[in-house]
Amino acid sequence: MIRSKEPHNNLCLLYNQGLMPYLDAHRWQRSLLNERIHDPSLDDVLILLEHPPVYTLGQGSNSDFIKFDIDQGEYDVHRVERGGEVTYHCPGQLVGYPILNLQRYRKDLHWYLRQLEEVIIRVLTVYGLQGERIPAFTGVWLQGRKVAAIGIKVSRWITMHGFALNVCPDMKGFERIVPCGISDKPVGSLAEWIPGITCQEVRFYVAQCFAEVFGVELIESQPQDFFRPE
C-alpha cells in the first residue's frame, strides 16, 4: 500500500505487471475504461508494465515521421486512439497507464498532462536529476534529451493511455522514427545518467510519486478474470 501525504485519498488499484504485448495491454485498458464508464464509482487504476518492441501512432499521427515501410511488416506498428505522434516502446522503458476518473480530481486535460509530467519530474528528483518541461511540448526532458513521452485519451472524463519513461531501453528503435514528431530534440534514457538503473527499481518511485501528485492511496492488486491475454 502506498499513500500520499494528503488526507482523504481516493483509492487507486496498482497493477504491477511485467512484459506484456501491446495489444493485450490496450484491450485491458479498454475493458477497464468501459467498466468505469458504466460504473463511475469503481476505483481508479494505475498499470505499470513494459512492452516488447512496438511502434504506436496517435489517431492523428503523420506517417511521414516513420522512416520504414509499414507495409513491409518488418516491425510491429499500431495506430491507436491516443493523442500525439509516433513513439516506440520496448523492454527497459517503464510504461504507465492510469485509468482515472478526472471528475474526482479536476476536469481539465491540460492540468492532467502537467500532473503526469510532475510525476516523472519527481521521480527524477529522487535520483538527483532535474527534469524539465519545454513550452508548447508535452513530456519531460533531461539536459535537452526527452526521457518521457506522454499521450492520453479521455472518454467521459475517464483516462487511458499515459506515459512512457525511458529507463534503460535499447535506443536503436528510436532511430527508425522521428519520436513524437520532434526532429530537433533527441531522446534519451536514465541509464545515460545512472548506469545500471533498472525498471524494477524505478517502479517503486513512479508509484510513490504518482500517489503524491494525485493524492491517492495505491492498493497493489492482481488482474481479475476479465483479463485474459490472447
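Cβ from N, Cα, C; glycine included.
According to Swiss-Prot, the feature active site, acyl-thioester intermediate maps to CYS180, an assignment based on sequence analysis. Residues or ranges marked as substrate binding site in Swiss-Prot (evidence: sequence analysis): ARG82, GLY83, GLY84, GLU85, VAL86, THR87, TYR88, HIS89, ALA149, ILE150, GLY151, GLY162, PHE163, ALA164. The domain 'BPL/LPL catalytic' annotation in Swiss-Prot covers 40-218 and is backed by sequence analysis. Swiss-Prot lists LYS146 with the feature site 'Lowers pKa of active site Cys', giving sequence analysis as the kind of evidence.
Spanning the residues ARG82, GLY83, GLY84, GLU85, VAL86, THR87, TYR88, HIS89, ALA149, ILE150, GLY151, GLY162, PHE163, ALA164 that the record associates with binding substrate, the maximal Cα-Cα distance equals 16 Å. Mean pLDDT for the domain 'BPL/LPL catalytic' (40-218) in this predicted model: 91.
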